[in-house]
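Trainee: Copied straight from TrEMBL:
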BINDING   H233, H361, H365  Zn(2+) binding site
REGION    58-104  region 'Disordered'
TRANSMEM  186-205  transmembrane segment
TRANSMEM  211-232  transmembrane segment
TRANSMEM  253-270  transmembrane segment
TRANSMEM  276-295  transmembrane segment
TRANSMEM  302-322  transmembrane segment
TRANSMEM  328-348  transmembrane segment
TRANSMEM  360-383  transmembrane segment
Amino acid sequence: MVPAPENPGNTGNSAGSPVSAAVCGVPADAGVLAAAPVAPIHEVPSAVSAASPTSAAPVAPVHEVPPATSAASPTSIAPAAPVHEVPPATSAASPTSTAPVAPVHEVPPATLDFVPEATAAPIPIYGSDVHTAHPDATTAHLERRNRLSQRIPKGFPHPINPKTGRPYRFPRWDWKTMRRKPALRGWIHTVATPLSLAASIVLLVLAPWGLKAACAIYLAASLVLFAMSAVYHQGSWSRRVDGVLRRFDHANIFLLIAGTYTPVSVGLLTPSQATILLSVVWVGAVLGIAVSLIWPGSPRWFSTLLYVILGWAAVMYLPQIFAASLPAFWLLVAGGLAYTVGAVVYALKWPNPSQKYFGFHEIFHSWTVAAWACHCVAAYFSVLS
């Protein structure tokens with residue numbers, strides 16, 4: 001590089017200096033012997049730091065961009081940045097030092113010195129007697145989602161018994177309502193199971209030979225319904241086993257309806273009438289059983305409507321039943337009304353006196369047992385008349 005010559009006649013004027021001419025991209029004055037090379041307009045030349053008014057810093061090469069420095073002298077002029085480029089802002093704590101600047105496209109991440117850990121005392125989230133060891137927001141969210149979807153996500157925190165510190169074994173747990181079952185849940189059908197077995201056996205023994213097959217079907221349907229219901233509602237089952245038992249419990253209702261119609265139709269109607277009625281009832285029962293097994297999550301009103309329609313299928317032959325046996329007629333009507341009231345209670349979940357001891361489901365079971373008793377006596381009149 002060629003240093004700029006001194007100009008004795010114009011030492012205080014920086015506008016006529018060769019450095020200024022080189023920076024601005026204008027050729028040097030004719031009286032000046034040598035001029036510094038000019039930086040291209042697309043590059044950012046370095047700002048020179050002039051410690052003395054008469055000294056000029058050497059110009060950087062064309063292919064290099066020297067770091068920017070702060071000018072301490074009023075006579076030195078920093079080169080102007082190109083129009084299409086924006087020089088980075090510097091934080092000048094001192095005239096000779098510059099701090100590094102973060103790029104414009106980067107945002108330094110915000111950090112927290114301390115993140116408090118959420119802790120809480122054990123609280124019940126499933127029911128009155130179920131607690132978790134350390135419930136948090138995630139546990140509460142999963143529990144609410146499970147109530148809506150009726151599914152437990154994989155990895156769901158298992159409830160812990162606070163007294164033993166071990167996983168809770170869900171004694172008499174209702175997976176559908178996510179609550180403990182009432183204390184009397186299942187006891188009504190548990191008591192009705194041996195009574196129905198004894199009554200059906202007596203009917204089977206007393207029936208004529210031509211009606212024993214129909215009475216055996218009634219015996220099997222009654223026993224399966226009450227025994228399965230007692231096992232399902234009394235036991236403590238896993239979620240998968242509970243779902244299987246619930247399917248069969250609902251399907252057995254259709255089985256009992258068809259089983260009850262069998263001895264009554266054979267005993268009180270003509271063979272042709274009995275064939276028509278039993279065909280309608282058993283086809284409907286098979287369809288209802290299929291719906292219960294394949295579509296266990298069907299709306300409650302839908303399954304209840306199927307029960308009621310199939311239960312009142314005998315209306316088409318009520319005059320013939322009335323003419324054949326008056327006691328059987330009234331017992332069948334009373335049993336049908338009892339079944340209907342129980343179905344309405346089941347559909348509305350009302351009344352629900354006590355979720356802890358005797359809820360709406362127990363009322364529904366009470367009405368079903370009363371209806372079965374009426375139809376059992378009607379079967380006696382139908383078979384023995």
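Cβ coordinates are placed from backbone N, Cα and C, and glycine is handled just like the others.
Surface or core, plus neighbours and distances: that's what I need for these features.
Mentor: Around H361 (Zn(2+) binding site), the C-beta neighbours below 8 angstroms that are at least 6 residues distant in the chain are P182, R185, Y346.
Residues 212, 215-216, 218-219, 222-223, 226-227, 229-230, 232-234, 263, 362, 365-366, 369, 372, 376, 379-380, 383 of the same chain sit 6 or more residues outside the transmembrane segment (186-205) yet have a Cβ under 8 Å from a Cβ within it.
Under 8 Å from some Cβ of the transmembrane segment (253-270) lie the Cβ atoms of residues 203, 207, 211, 214-215, 217-218, 220-222, 224-225, 277-278, 281-282, 284-286, 288-289, 292, 306-307, 310-311, 313-314, 317, 320-321, 324-325, 328, 332, 372, 375, 378-379, 382-383, 385, all in the same chain and six or more residues away from its ends.
Counting residues 6+ beyond its ends, the transmembrane segment (276-295) has Cβ neighbours under 8 Å at 247-248, 250-251, 253-255, 257-258, 261-262, 265-266, 269, 303, 306-307, 309-310, 313-314, 316-317 in the same chain.
The list of residues near the transmembrane segment (302-322) in space but at least 6 beyond its ends in sequence, with Cβ under 8 angstroms from a Cβ of it, reads 250, 253-254, 257-258, 261, 264-265, 268-270, 273, 277, 280-281, 284-285, 288, 291-292, 328-329, 332-333, 336, 339-340, 343-344, 346-347.
Within its own chain, the transmembrane segment (328-348) is flanked in space by residues 264, 268, 300-301, 304, 307-308, 311-312, 314, 318, 321-322, 360-361, 363-368, 370-375, 377-378, 381-382, 385, which lie at least six positions past its ends and keep a Cβ under 8 Å from the stretch.
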Trainee: Long-range neighbours only, meaning 6 or more apart in sequence with Cβ under 8 Å: which ones does H365 (Zn(2+) binding site) have?
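Mentor: For H365 (Zn(2+) binding site), the qualifying residues are I188, H189, S229, G342.
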Trainee: Neighbours of the Zn(2+) site H233, H361, H365: Cβ within 8 Å of the Cβ centroid, same chain, sequence order.
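Mentor: The answer, listed by sequence position, is R185, G186, I188, H189, S229, E362, F364.
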Trainee: Applying a 10 Å Cβ distance cut-off over all chains shown, what neighbour count does H233 (Zn(2+) binding site) have?
Mentor: 24
